[in-house]
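Per TrEMBL, the features are as follows:
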TRANSMEM  6-24  transmembrane segment
TRANSMEM  85-107  transmembrane segment
TRANSMEM  119-136  transmembrane segment
DOMAIN    139-217  domain 'NADH:quinone oxidoreductase/Mrp antiporter transmembrane'
TRANSMEM  143-163  transmembrane segment
TRANSMEM  169-192  transmembrane segment
């Protein structure tokens, strides 16, 4: 189980989000404990991941989803998650803060978003999944997807607020869409020059082919 610890960081809140969406229809009182238990599981996966990082010779570990490999050039086609000290510690902070928020959120959520507990905790757990994934992903396009997951769920949470929430959400959507579009354009330029979306592969190809001075790469990273 420990070799899948990175996957557990995302599996627990994802599964919890599905359960909260289902419970929100008929058993809203279950959404709070489901979210807390899901984040405890994610924390356990994060702590186990940190233990493995500390124990590894390279002080980092890699996990490829779906049984893909990165042996084929350039750097394969698998979606890689790569955990090192910095990324794992930031992820633990994100999940730890989310756990504390969920733990003490029952009354505020019931008061501010009555009868919407299912929607709130579903979006909240999906946002935590996106933020945790941002800390550990090793794939440039997967980073874009995770940024969008975190952003879209954030828009949904904001929209659940007061009467002024709709205008605030619209502003965030416009700014977020512009930023995401520029990032996706940059990813496209990087892929054109390197032929891979794997972050380690991008670095290796840039060094091997001396692409750091390329105008395309400079535009992409700006």
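Our numbering is plain: 1 for the first residue shown, then up by one each step along the chain.
Glycine is treated like the rest: Cβ placed from N, Cα and C.
Model, not experiment: these values are computed from the prediction.
Sequence-distant contacts of the transmembrane segment (85-107) (same chain, six or more residues past either end, CB-CB distance under 8 Å): 9, 32, 35-36, 39-40, 42-43, 46-47, 49-50, 53, 59-60, 121, 124, 128, 131-132, 135-136.
DSSP states for the domain 'NADH:quinone oxidoreductase/Mrp antiporter transmembrane' (139-217), grouped as helix (H, G, I), strand (E, B) and coil, give 64 helix, 2 strand, 13 coil.
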